[in-house]
Amino acid sequence: MNENIAEKFRADGVARPNWSAVFAVAFCVACLITVEFLPVSLLTPMAQDLGISEGVAGQSVTVTAFVAMFSSLFITQIIQATDRRYIVILFAVLLTASCLMVSFANSFTLLLLGRACLGLALGGFWAMSASLTMRLVPARTVPKALSVIFGAVSIALVIAAPLGSFLGGIIGWRNVFNAAAVMGVLCVIWVVKSLPSLPGEPSHQKQNMFSLLQRPGVMAGMIAIFMSFAGQFAFFTYIRPVYMNLAGFDVDGLTLVLLSFGIASFVGTSFSSYVLKRSVKLALAGAPLLLALSALTLIVWGSDKTVAAVIAIIWGLAFALVPVGWSTWITRSLADQAEKAGSIQVAVIQLANTCGAAVGGYALDNFGLLSPLALSGGLMLLTALVVAAKVRITPMS
């Protein structure tokens with residue numbers, strides 16, 4: 001609670017909004033998210049070039065999420081009073097270094113090391129992005145500034161997979177990461193030029209954030225968050241081999257499918273507020289239920305290209321409700337400890353991404369093409385049941 005008050009005090013103390021810094025933060029977030037998901041659309045050529053299976057190559061997503069999980073939990077304890085401006089610059093440098101390491105990787109180990117650097121930057125930056133934004137604009141402008149940040153995330157999610165697939169077919173997967181490194185350099189330059197000094201707190205009163213899990217319905221909510229994101233990554237990480245081998249899409253066709261998925265996600269995010277105004281619980285239970293049915297449809301009729309393409313669109317629309325819905329749940333049910341709850345949420349999501357991609361890859365290599373879909377669908381169904389039975393939503397006052 002003390003940290004929330006402190007953040008509000010800082011926001012109130014800003015005389016004018018620093019929009020250049022806000023957009024610099026948004027650009028960094030967009031680049032981090034884009035690079036995080038690039039392997040999804042480049043999995044097959046990466047695996048072939050490095051002489052590994054697609055399931056093993058998918059662990060490049062796993063290690064990023066795993067490192068990001070720990071980074072989001074412990075970054076504030078590690079950096080303590082360090083000026084946040086220097087920390088953000090460091091994260092932008094790590095983004096650039098990660099892309100270059102992946103681009104020049106001649107072994108699976110170096111690939112994982114590069115992706116681990118990305119995870120460090122991703123988790124730390126994502127955990128700090130909201131508080132950074134609140135210190136760059138007056139209190140009355142904070143919602144608008146935050147919308148810029150989350151808008152950048154939506155755009156990154158739209159373009160990452162299809163752009164990677166398209167460029168990978170033209171210039172090769174290594175040059176795609178070289179291009180991403182250039183974007184990282186732009187992040188460094190923009191942050192250096194626009195971000196003001198943002199001193200850290202000289203001291204903190206230590207509180208156990210995990211005590212929040214003892215509140216009624218909170219543990220169930222975190223379990224549901226874990227299962228929904230694990231289910232998403234169990235399937236989405238391996239969408240390329242599934243769609244190319246099950247439905248017979250070529251690279252161009254897959255690019256269109258991924259683009260459709262991204263656009264659907266953007267549309268779903270844009271209209272999510274209308275659904276959430278009606279019922280947060282219905283959205284949090286209904287979206288994973290629809291995803292479970294979509295996974296079942298792909299298992300049964302996924303060899304039909306039209307069906308597979310339509311399911312990709314439905315999947316994008318439905319899953320868009322999930323992250324927005326759970327953020328809304330935190331602001332409703334954990335409003336007094338929203339910052340700490342958000343830190344736990346980021347860690348849970350990254351752990352879920354790690355486990356989902358890891359188990360999905362193992363299933364793909366050992367149990368066949370449909371196994372990631374079955375795993376994803378099962379987790380989504382369990383999510384819907386947990387939300388319906390155990391998760392509590394505080395009504396909007």
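Backbone N, Cα and C define each Cβ position, glycine as well.
According to the topological domain annotation in Swiss-Prot, Asn245 and Ser327 sit on opposite sides of the membrane. The average pLDDT computed over the topological domain 'Cytoplasmic' (76-85) stands at 78. In summary, the transmembrane segment (108-128) does not lie against the transmembrane segment (216-236): fewer than three C-beta pairs, each 6 or more positions apart in sequence, are under 8 Å.
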